[in-house]
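S.K.: Copied straight from Swiss-Prot:
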| type | residues | note |
| --- | --- | --- |
| BINDING | Cys281, Cys284, Cys319, Cys322 | Zn(2+) 1 binding site |
| BINDING | Cys314, His316, Cys348, Cys351 | Zn(2+) 2 binding site |
| COMPBIAS | 376-387 | compositional bias 'Acidic residues' |
| COMPBIAS | 388-397 | compositional bias 'Basic and acidic residues' |
| COMPBIAS | 440-453 | compositional bias 'Acidic residues' |
| REGION | 374-408 | region 'Disordered' |
| REGION | 440-461 | region 'Disordered' |
| TOPO_DOM | 1-13 | topological domain 'Peroxisomal matrix' |
| TOPO_DOM | 78-101 | topological domain 'Peroxisomal matrix' |
| TOPO_DOM | 186-218 | topological domain 'Peroxisomal matrix' |
| TRANSMEM | 14-40 | transmembrane segment |
| TRANSMEM | 52-77 | transmembrane segment |
| TRANSMEM | 102-139 | transmembrane segment |
| TRANSMEM | 152-185 | transmembrane segment |
| TRANSMEM | 219-242 | transmembrane segment |
| ZN_FING | 281-352 | zinc finger |
Amino acid sequence: MPNRLIPLANPANRVLQLDAKLLDNEISDMLYRQLSGAFNSNRLPSWLGRIHSNYASELKLLLELLIFKVTVWNKHSSYGLTLQNLVMYDGGVHNKKFRSKQQSELRVTKKILLLSSVLLGYFVKKIQSYVYSFEDYDLETDGEDLSTLERIRLKTIKLLKSQISTLEKAHSVLSLVNFVTFLVSGSFPDLTTRILNIRFKPLVTTQVAFASNPETISYEFQNRQLVWNTLTEFIVFILPALSVPKFTKSLVSSITGTSPKSSQVTDEDLKVFSSLPERVCAICFQNSQNSDSGAQNDISLNDTLVTNPYETTCGHIYCYVCILSKLQIFKEEGKNLPKSDPNKYWHCLRCNEPASWCRVYTGDVEDALRQKAVEEVTEDEDASSEDEEKRDQDSEGAKTVSQSFHHVNGSDYQTASFIEQAELNENEYTDGSEVEIYDAEDEYTDEEVDDDSPGFFVGAL
């Protein structure tokens, strides 16, 4: 049993097979970069650049098909396999009569299946890009104006979007299992070769090539590097399957013996978060508040401003990373919960409404951030206009009172004016002329003097 899994005599060289696969990928990428540079050259017409930008995936598919025709279809070996002195053959032939002939080449059926795998990869990427172009709110089928075909299409897209991630995880797990099996047995480096039962053998057996002679080359460094690469790929495969927040919550609840905290916002927190300005992300503020042990006075609002705003179901704005992480956590934890359970969805910190999706804030970001400032400026302008109107009314009232006083006491007004005129005349004749003041009673003794008339006048001699 151990000898069958790990043969000791002339074991299959795993490093050559992996190097051949890496070389094929590098050659394909290098040719595609050169093709892209040719289409985007300034010496060529601009419509060629538009063709490349609109049909980049199709051009890459044509390049891969051309490489497949020149190498695998014609020579039963890719360019990387040829450099490593390897060739593909059909490992599923059990008839001894045709085994020697069939082991030197691939059958047409296997070539067609390999070609189909190339086309399948293209169509899978196209379907993924099309499905992920729809947001969750675009797939709602509650509208009354939708036709039957439109409802079926949206339901199909929604089903594919929910199952694509599961299929990707299953493919990653199968690839990991196949890779571990390849390290043990030395055959089938990927899933395609295992499904089609395609094996590799030396291309030239009559001469000893440097790359295919295991007796003259020490693979100690390659084997050590292969182990580290395997551990790295294992970590890359296993980390996306682990839900760190869910594992942390379950661990804390099991240690402390307490039930998970409700997703609803308390009344005290709701008062704090609802009073925050619109330009502040409530989730960032909550994280800063928790990290500072509740020292709210030490938290600067400028450090918790909204970055890359996204709008939730209730219409409030949060940071893209903050709201997406919250929705993703509750989406994974609430899979098995009924819709009536309040912990199935994350609740908005500002209004305590459940949020099931988020989308890009399509409005002007500055409008949302300046709305409160504009309202405050408008209130200040209204208050200042009211004060100005009040001052105008006070000044008009004082003017009316002054005019009434002068109208009633006309004699006093005339007397004051007469005295002012006398002072002006006195100042005018101070250049040496004699100024004499006559008493009205001495000059006009025979005339009756009115008591209300002025008692003196000024005359110049």
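The backbone N, Cα and C atoms fix where each Cβ goes, glycine too.
Note that the coordinates shown come from a computational prediction; the quantities given were computed from them, not determined experimentally.
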S.K.: Which one of these binding-site residues has the most other Cβ atoms within 10 Å of its own Cβ: Cys314, Cys319, Cys348, Cys351?
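M.R.: Ranked by Cβ atoms within 10 Å, first place goes to Cys348.
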S.K.: Please classify the secondary structure at Cys319 (Zn(2+) 1 binding site) using three-state DSSP.
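M.R.: Going by the DSSP assignment, Cys319 (Zn(2+) 1 binding site) falls within a strand, counted as strand.
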S.K.: Under an 8 Å Cβ to Cβ limit, what residues of the same chain, 6 or more beyond the ends of the transmembrane segment (102-139), are close to it?
M.R.: 57, 61, 64-65, 68, 72-73, 76, 87-90, 93, 154, 157-158, 160-161, 164, 192, 196, 198, 201, 356-357, 359
S.K.: Identify all same-chain residues not among Cys281, Cys284, Cys319, Cys322 whose C-beta atom falls within 8 angstroms of the centroid of the Zn(2+) 1 site's C-beta atoms; report them in sequence order.
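M.R.: Nearby residues not in the site list: Ala282, Ile283, Phe285, Asn287, Thr304, Val306, Thr307, Tyr318, Val321, Ile323.
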S.K.: At the level of the C-alpha atoms, what whole-angstrom distance separates Cys322 (Zn(2+) 1 binding site) and Cys314 (Zn(2+) 2 binding site)?
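M.R.: On Cα coordinates alone, these residues lie 16 Å apart.
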S.K.: Within the topological domain 'Peroxisomal matrix' (1-13) only, compute the mean pLDDT.
M.R.: 50
S.K.: Helix, strand or coil: which one is Cys348 (Zn(2+) 2 binding site) in, per DSSP?
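M.R.: DSSP assigns Cys348 (Zn(2+) 2 binding site) to coil.
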S.K.: Only counting partners 6 or more residues apart, tell me which same-chain residues put their Cβ under 8 Å from the Cβ of His316 (Zn(2+) 2 binding site).
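M.R.: In sequence order, the residues whose Cβ lies under 8 Å from that of His316 (Zn(2+) 2 binding site) (at least 6 apart) are Ala282, Cys348, Arg350, Cys351.
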S.K.: Radius 10 Å, atoms counted are CB only; among the binding-site residues Cys281, Cys284, Cys322, which position scores highest?
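M.R.: Counting Cβ neighbours within 10 Å, the top one is Cys281.
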